[in-house]
Amino acid sequence: MEGNTAWLLTSAALVLLMTPGLAFFYGGMVRSKSVLNMLMMCFGAIGLVGVLWVIYGYSMAYGSNVGGLFGNPFEYLGLSGLMTSEGDPTAGTVDVAFQAMFAIITVALIAGAVADRMKFSAWLVFAGLWATISYFPVAHWVWGDGGWIGEMGALDFAGGTAVHINAGAAALGLVLVLGKRVGWPKEPMKPHNLPFVMLGAGLLWFGWFGFNAGSAYAADGIAGVAFINTLTATCAAMLGWLLAERIRDGHATSLGAASGVVAGLVAITPACAFVDTWGALAIGAVAGILCALAVGLKYRLGYDDSLDVVGVHLVGGLVGTIMIGFVATVSVNPDGADGLFYGGSAGLLGTQVVSALAVMAFSLVVAVVLGLLIKFTMGIRVSPDEEVTGIDEAEHAETAYEFGGSRGRGVTAGTGVAGASKKLEESKP
């Protein structure tokens with residue numbers, strides 16, 4: 001018992017590390033004038049969702065079932081009944097801590113789609129409302145007692161539907177409302193710091209072992225299966241992405257390697273404890289190749305998903321969730337089911353498809369409605385001039401790379417990169 005508690009708390013800490021890792025991953029992919037804003041969006045999600053979770057989020061996700069749609073939001077209001085010296089509060093509080101990190105990272109994932117142009121205040125309002133209306137209920141659908149997706153028999157071990165499809169669909173809905181960045185797609189908008197991207201991918205990979213293996217809720221063989229399948233699928237996805245890149249573009253890039261890692265992690269998340277080694281390899285390879293191709297869809301279809309949240313998380317989540325219907329096997333986990341390739345019926349595949357499409361449609365609609373509501377009330381994006389100058393300066397009065405200080409309270413106490421460059425030019429003989 002104590003060992004399981006220690007493992008789950010350790011896993012919770014690993015999952016929390018994923019959000020700073022995501023901040024590095026996203027922060028390196030944006031231009032230098034937007035990196036602080038991206039870091040702030042990720043860290044803002046930690047603060048906001050962390051507070052909402054302990055007040056009513058945990059209750060909405062895991063409270064007593066209300067029609068299969070959400071938990072009773074008042075059952076554990078402010079963790080009532082869980083933070084007590086009576087009985088053994090360990091099980092409840094540990095679960096609260098572990099699942100809080102899932103809620104946080106899910107909201108933070110959306111931030112990458114709206115890089116460079118969304119007001120920070122609008123982001124926080126959207127994040128709080130979307131977590132309340134979409135994430136908390138969908139988590140109940142999938143994992144809560146009586147949730148309709150779980151009752152239907154769909155398999156999602158660690159969050160293919162509740163986390164990745166949910167966040168990816170929300171990202172798509174939000175960018176449709178927000179519109180394109182100034183100059184996109186004609187102007188090149190390359191990552192400003194690829195070492196940041198690689199560092200972020202590494203931190204995500206490390207934390208993801210807690211995300212997936214921790215979802216076993218025990219330090220046992222199922223956790224071991226989830227752990228090794230997470231490693232296996234991620235390696236296969238990275239190779240798949242690099243192969244697709246090499247064939248398509250003639251080069252295998254560091255950005256492709258990092259993106260392939262994340263695509264594999266996403267895809268194996270729902271399946272990690274339900275498939276064998278061959279299934280994990282298949283899921284990873286398919287996700288790596290398909291996600292590498294999917295990130296180009298935004299140019300064909302005209303939606304500006306800045307950092308490919310749709311191409312990696314929505315598509316990767318769909319791949320992993322649906323492929324369970326083909327490659328799941330009870331030989332690995334008796335609580336799972338057999339997919340078509342292991343003698344199972346088409347029923348599991350149908351259930352997986354229904355669950356994926358339902359979450360995608362719901363989250364997309366919620367994001368569009370919330371985005372429009374914010375757009376026509378408080379405003380959702382910075383002005384074109386502020387976007388061109390840099391959202392870091394406009395929203396936070398700071399720049400990431402300062403020479404001589406930072407700006408605050410309306411007074412310039414130093415020069416940013418542009419100012420420093422100008423002074424260097426003026427000093428030349």
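Every residue, even glycine, has its Cβ placed from backbone N, Cα and C.
TrEMBL labels come from automatic prediction, so no person has curated them.
Taken straight from TrEMBL:
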COMPBIAS  405-417  compositional bias 'Gly residues'
DOMAIN    6-401  domain 'Ammonium transporter AmtB-like'
REGION    403-429  region 'Disordered'
TRANSMEM  6-26  transmembrane segment
TRANSMEM  38-56  transmembrane segment
TRANSMEM  96-115  transmembrane segment
TRANSMEM  122-143  transmembrane segment
TRANSMEM  163-182  transmembrane segment
TRANSMEM  194-211  transmembrane segment
TRANSMEM  223-244  transmembrane segment
TRANSMEM  251-271  transmembrane segment
TRANSMEM  277-297  transmembrane segment
TRANSMEM  309-332  transmembrane segment
TRANSMEM  352-374  transmembrane segment
Dominant neighbour of the transmembrane segment (163-182) in 96-115, 194-211, 223-244, 277-297, 309-332, by Cβ pairs under 8 Å: 309-332
The transmembrane segment (251-271) versus listed stretches 6-26, 96-115, 122-143, 194-211: most Cβ pairs under 8 Å: 194-211
Which of 38-56, 194-211, 223-244, 309-332 contacts the transmembrane segment (277-297) most, counting Cβ pairs under 8 Å: 223-244
Contact between the transmembrane segment (6-26) and the transmembrane segment (309-332) (at least 3 Cβ pairs under 8 Å, separation 6+): no
